[in-house]
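Noted in TrEMBL for the protein shown:
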type	residues	note
COMPBIAS	18-28	compositional bias 'Gly residues'
COMPBIAS	73-85	compositional bias 'Pro residues'
COMPBIAS	86-96	compositional bias 'Low complexity'
COMPBIAS	97-106	compositional bias 'Pro residues'
COMPBIAS	107-150	compositional bias 'Low complexity'
COMPBIAS	159-171	compositional bias 'Gly residues'
DOMAIN	298-336	domain 'Zinc finger Sec23/Sec24-type'
DOMAIN	375-619	domain 'Sec23/Sec24 trunk'
DOMAIN	624-708	domain 'Sec23/Sec24 beta-sandwich'
DOMAIN	720-819	domain 'Sec23/Sec24 helical'
DOMAIN	841-912	domain 'Gelsolin-like'
Amino acid sequence: MSQQGYVAAPPYSQAQPGMGGYQGGFGTGPAQPLYGHYGGPPQAFSAPPTASGPMQSPPPPPTNSVAQQPFQISPPPAMGQPQMPPGLQSPHMSPQMSPPQSPPATMPMAGPPMAGSQMAGPPMAGSQMAGPPMAGSQMAGPPMAGMGRPFPGPPPGPGGFQQLGQFGGQMAGPQTGMPGAFPGAPGGLAGPPQKKLDPDSIPSTTQVIEDDQVKHGGQVYSTNVRGQVPPLVTTDFTVQDQGNASPRFMRCTTYSLPCTADLAKQCQVPLATIIKPFATLPKNETPLYVVNHGETGPIRCNRCKAYMCPYMQFIDGGRRFQCGFCNCVNEVPVFYFQHLDHMGRRVDLYERPELSLGSYEFIATMEYCKNNKRPNPPAYIFMIDVSYNNIKSGLVRLICDELKTLLENLPREEGAESSAIKVGFVTYNKILHFYNVKSALAQPQMMVVSDTAEMFVPLLDGFLVNYQESRAVISNLLDQIPDMFADTNESETVFAPVIQAGVEAFKAAECSGKLFIFHSSMPTAEAPGKLKNRDDKKLVNTEKEKTLFQPQKGVYEQLSKDCVAQGCCVDLFLFPSQYVDLATMADVPSHTGGSVYKYNNFQVETDGEHFLRELRKDVQKNIGFDAIMRVRTSTGFRATDFFGAIHMNNTTDIEMAAVDCEKALTVELKHDDTLSEETGALMQCALLYTTINGERRLRIHNLSLNCSLQLSELYKSCETDSLINFFAKSAYRAILNQPLKNVKEILVNQTAHMLACYRKNCASPSAASQLILPDAMKVFPVYMNSLMKTAPLVGSTELSTDDRAHQRLSVMGMGVEDTQLLLYPRLIPLHNTDVSSEAPPAPLRCSEERLTDSGMFLLENGHSMFLWLGQASPPDLIQNILNLPSLAHLQGHMCALPELDNPLSKKIRSIITGLLEKRPNSMKLQIVRQKDKPELLFRQFLVEDKGLHGGASYMDFLCYVHREIRQLLT
């Protein structure tokens, strides 16, 4: 079925000698661009099969009475260039014909190329594409030979691939005589200056989000249809579970899988699901039902071990059931028998959650418990670094004061009066101090362990206690700790023995749990896990840059395994003033389902509240412990690769010391046979875990997808936000063993390949100069370009190695909504806030062009938050919000809005508070004035503009991708 729609136009410009397909200065391009794909040797981009196969050449679009003219912009061509007829988008597209559902986005990207050149012209005037162009004229980047992921193997050797610098590298100025061309092309060849294109003509993320909110906002989304595409993560909707898991738990890169591995290979769209097993449900949605089958435990398929779910077919009058995953026929246990109705469905279908819902829980029997013993409730141990820096900054006192109130709010089961979680306390520098806080004691007792090489816990009874029972002793201890170490001069710390102590304590108490470690510096004291400074800016942009992201092997690797085996999750709060080798220190948290929070140059006045908000969220999170998860699929495809804060001992069992409501796992899927359009594809995610009450449970999420022989169905069912989550995680894993340049080349190649395949197989014929994008992926390029400008993927010596490693590890555990916001921040104009309206003002596109000198804008991406003030902001606005007579009085360290009693101030504070509550992490508000130095920090979040440390603008990237697509199609 042909699809056509949505047209926008970057500049018509002359193809320049020496730039068509990078001829001239760059060596000749191959006749057929070679292309590496998921799981196979490089292939040429082949033409679709002739009319006999299922992928026939597209017929004309169906006539429809509703006129829906594609949106097209045609700027004037550059001088001396042939004028392109307006509306040249499809030879058979009259105003009376409307494109079929889910039209693609089309954009004429450049005028007809000049003779002898296969290339539409360079990017627009006045905006040079940062960094030299990409290697080689054949879609540069290593062929993805024989590997099942986007970033396999060693870097390409010589031969067909010329290495020519990197896309989005250092900022390059426009070259002489060549208005804003790609650097690297010979200068002095430019045609006359071209008119700048209207940025409103290229697809807008904010518009896509707004349109989806208008279409689905406030509505009920029922999950009773196989393969239906849910509303976007940014849309406010209510889910009604009717047989498939809510999109809050599972989202997919596409909801229509290609039937064959060949089709998957042809289109290059990664097939993956992002699972957030503990996602928080809004108050108006039903919590998961808990099913208890008593001693027999959950009913499962004898062959593949899938759990009872809506995809099991009851036969033989209800006495047997056929498994939807492996087709094995199983006997129904006597106690579970029920008659079938005239439709062949069980009479009790709607009384049993496991037969009618997508998500539910089973109470697990003894055989699902370690050593066939019921688990104990988990414990939380607070481990505070009391070295000189932390005492001096006031951090230790801040933590101790906060814990007194925070421990009242430990997570507890629905309906329970108090939390079952036990608590313990350790302080440390070069040695460890354990505290006995047994309720019978009048005073807490300290026990010191100075032999950090052979770590043990010096007391069993009284170390892990019930908070309610020992409240008085604990309060006493928290009062004493800051004074006890007030005069310390000890600045050296240990780190690995601290984690080891936690694991040993959980072993002794036979429980799982979490360590909250508050730490400030690199562990340099003589002890296991001692680290040395290996930060070397000379490695940036070299083959060895990857070593900066790799943890140091040995002690920490073994510690991760010990933690996972014991169900010990580690959350690390870091307060560094210099390099701490975060890549190594965060290795244990990132394999145990933990989180890492980082506060550079921490000061209580400016960062205290931000840190405490984060600590509160972290302690109160909904969480499961000692978890193991498996993803089962119906025949024809399987889960092959897993990305997340996880540990894997084998190829199928995903182990997590803990899993909380923010952690998501991205699972790549591959064909191992042909899928059927009729039966579709089924997935079941089963998570075995211990609740905060110490009960063993199984949480089940089921999802059914469509399968199709038509690529157009796959593209129509794609989800950009899930795709970019997958690409971010696979790229961030790839930089551990490949140079950044190769990783970025593969990202661009795959973007071009996915879009070229759509153009070739699904879109109506149209002028080569138009960029045609599938409707569901029309803003994919802005996210991809933003991803390539993130700190881990930018080779810049100005960025801190620890910050880059931190972002890399944080993203690995993120869900779809978190990566969406990180890569496309919200920019909200506050100066025209309607104080009477419930809703905040609509967000704008993330570009400097949207800012106004007299405006006030809030920008947030889930991790950073800025209030930007234009230099011409009216004094009454400044007075109303900041309580200052003018902007000139703004001090650099202001990080909170004063509580003023006027409607605008109240409204803006409520917008900020609302965002802080909604996001998984806290954000520190940074107030910046236009043209001040701190404004540079703010500008790096304007992702549609050129990158601060190199990287193209959205517009230039689109031109670049379009050029690559045309090259693939010639």
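Glycine is no exception: its Cβ is also placed from the backbone N, Cα and C atoms.
DSSP places the residues of the domain 'Sec23/Sec24 beta-sandwich' (624-708) in helix, strand and coil in these numbers: 0 helix, 56 strand, 29 coil. For the domain 'Sec23/Sec24 helical' (720-819), DSSP puts the residue distribution at 68 helix, 5 strand, 27 coil. Only pairs six or more apart in sequence are counted, and the domain 'Gelsolin-like' (841-912) with the domain 'Sec23/Sec24 trunk' (375-619) gives three or more Cβ pairs under 8 Å, enough to call it a contact. A Cβ distance under 8 Å defines the sequence-distant neighbours of the domain 'Zinc finger Sec23/Sec24-type' (298-336), meaning residues of its chain 6+ beyond its ends; these are 243, 291, 344-346, 354-358, 362, 364, 632-635, 682, 684, 686, 698, 700, 702, 704.
Helix first, then strand, then coil: DSSP counts for the domain 'Gelsolin-like' (841-912) stand at 24 helix, 11 strand, 37 coil. Across the domain 'Sec23/Sec24 helical' (720-819), the model assigns an average pLDDT of 96.
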